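Peer 1: Below: one structure in structure tokens.
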Amino acid sequence: MDPSTDPDPESAPGPDEASPGLFDDLLSGEPIFENKEVLRPSYTPRRLPHREEQINNMATILVTALRGDTPSNILIYGKTGTGKTASAKFVSDELETTSQKYEVPCEVQYINCEVTDTQYRVLAQLANKFIDENVAYITEELERLDARRDDLDDGTASIEETAFDDREALDTRIENLEADREEFEPVPMTGWPTDRVYSTFFEAVDYRERVVVIMLDEIDKLVEKSGDDTLYNLSRMNSELENSRVSIMGISNDLKFTDFLDPRVKSSLGEEEIVFPPYDATQLRDILQHRSDIAFKPDTLSEDVIPLCAAFAAQEHGDARRALDLLRTAGELAERDRTENIHEEHVRRAQEKIELDRVVEVVRTLPTQSKLVLYAVILLEENGVHNINTGEVFNIYKRLCAEIDMDVLTQRRVTDLISELDMLGIVNAVVVSKGRYGRTKEMSLSVPLDETKSVLLADSRLGEVEDAQPFVQARFDDS
Ligand code: ADP
Ligand code: MG
């Protein structure tokens, strides 16, 4: 369309154009959110109610770093959403700010081990970080010394005013720094032997005097994926470092992860332990109240909204992340309804939506065999079978396997897969005694049938058995 012609508001949109007003409509009406970002997990709050004790404990241990000594290693435990990451980031910001104020060389390196999950990657990330810092430091130092040399050359300064004995010493220092800068070679993403990555990190961190706190968040994921070598290597560094000191702060969602550690690593890492207990409903209310004041326009929340979000999240092992998700999702649903207030009903719908999203994600990522077992349960339920037993599931499952050319697992294995589905909260299975016929499992689906079925059928392999009706009928002939 020629943009210079005045568009006729009455004309129907062409086939390739959005209908007019698609966004106008949505933009009209009072927005509910003042600042939605505040409710997202990426936001780091400046105030963390009900974590004063844990934050003080961390600070008491880490203050050693500001005195130039090595703080004890710290291990932090707690379930998801108990404020571990938020508190640790808060403390590390404060530590760095204070160290700048007093000009003490102390820094924190944060690594999320869910993302950076191998020894190579952890060491490479640390090495490159310190290489960058060293190069920046050297460059600054060289600029300063070059200016000094110029001053000497044109007679605006004398050698006595510098920290050098003579001109030659200054030249040597400049040459050395230039050589150092040349030597720092960044670690590539892959390809080096691990000991080379380690020694590169070692030299980079030891280049200058400093105390470094290495924060390894989700440390249990690192150990699960790649063992405890990284922790072993990091925890014994101090005995060899000359200029710098390293202290480790590990954060774990899994309370039992130290069981898998080498005893030496375990005792070194757990010098100090801080536990983050789950929040109760009252504490969650405070947290939500504080955030909602910034997140929403004034007077948008009806008074039962925050207590209900808090109550739901308290049931979910006191997870503050869930509480904030609920509040944000409730706000989004209210916005979609074009109402100006959030009501209890929005929170209930938000709870359902989040729960369903979780189920969809869990089902979508199941292994194909488990998907087939689950699909067998669904087909039985659809046909009105109650108290479905393992044998019935197994019969349907076998037919489904034949249909799509999958290997058939033993009934034993299928029983195990059913237990896994039970643990994930997808089916509810109970063991019942059949008298002299032994025991069997009886199960029912605990997730919404239609949504679950469509997630299963979206799998390219299962999609092929969409028309499975005949097998279910055949089940009755079999038994
Ligand atoms: P964890 O690391 O223990 O899984 P997070 O620190 O990521 O938990 O916290 C989850 C969410 O809840 C984040 O958005 C965080 O900002 C918020 N949160 C947790 N505890 C508090 C608190 N005491 N005050 C305010 N917000 C909190
Ligand atoms: Mg965390």
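Cβ atoms here come from the backbone N, Cα and C positions, even for glycine.
From TrEMBL, here are the annotated features:
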type    : residues                                          : note
BINDING : Thr82, Gly83, Lys84, Thr85, Ala86, Tyr279, Arg291 : ATP binding site
DOMAIN  : 70-280                                            : domain 'AAA+ ATPase'
DOMAIN  : 374-456                                           : domain 'Cdc6 C-terminal'
REGION  : 1-22                                              : region 'Disordered'
Peer 1: List every residue in the same chain as Gly83 (ATP binding site), at least 6 positions away in sequence, whose Cβ is under 8 Å from its Cβ.
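Peer 2: The list for Gly83 (ATP binding site) reads Leu48, His50, Arg51, Gln54, Phe276, Tyr279, Ala320, given in order along the sequence.
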Peer 1: Restricting to the record's ATP-binding residues (Thr82, Gly83, Lys84, Thr85, Ala86, Tyr279, Arg291), give me the longest CA-CA distance in Å as a whole number.
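Peer 2: Largest pairwise Cα separation, rounded: 17 Å.
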Peer 1: Do any residues at least six apart in sequence from Thr85 (ATP binding site), in the same chain, have a Cβ closer than 8 Å to its Cβ, and if so which, in order?
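Peer 2: When sequence neighbours closer than 6 are ignored, Thr85 (ATP binding site) has Asp217, Ile251 within Cβ distance under 8 Å.
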Peer 1: Kindly report the helix/strand/coil residue split of the domain 'Cdc6 C-terminal' (374-456) according to DSSP, in that order.
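Peer 2: The breakdown for the domain 'Cdc6 C-terminal' (374-456) reads 47 helix, 16 strand, 20 coil.
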Peer 1: Enter the number of other CB atoms within 10 angstroms of the CB of Arg291 (ATP binding site).
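Peer 2: By my count, 22.
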Peer 1: For the domain 'Cdc6 C-terminal' (374-456), what's the model's average pLDDT?
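Peer 2: So the average pLDDT across the domain 'Cdc6 C-terminal' (374-456) works out to 91.
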Peer 1: Please list, in sequence order, the residues in the chain of Ala86 (ATP binding site) that are at least six apart in sequence and whose C-beta is under 8 Å away from its C-beta.
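Peer 2: Listed in sequence order: Thr44, Pro45, Leu48, Arg51.
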Peer 1: Return the residues near Lys84 (ATP binding site) by Cβ distance under 8 Å, restricted to its own chain and a separation of at least 6 in sequence.
Peer 2: Ile76, Gly78, Asp217, Ile251, Asn253, Phe276
Peer 1: I'd like to know which of the binding-site residues listed (Thr82, Lys84, Thr85, Ala86, Tyr279, Arg291) lie near ligand 2, counting only a CB under 6 Å away.
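Peer 2: The binding-site residues passing the 6 Å Cβ test are Lys84, Thr85.
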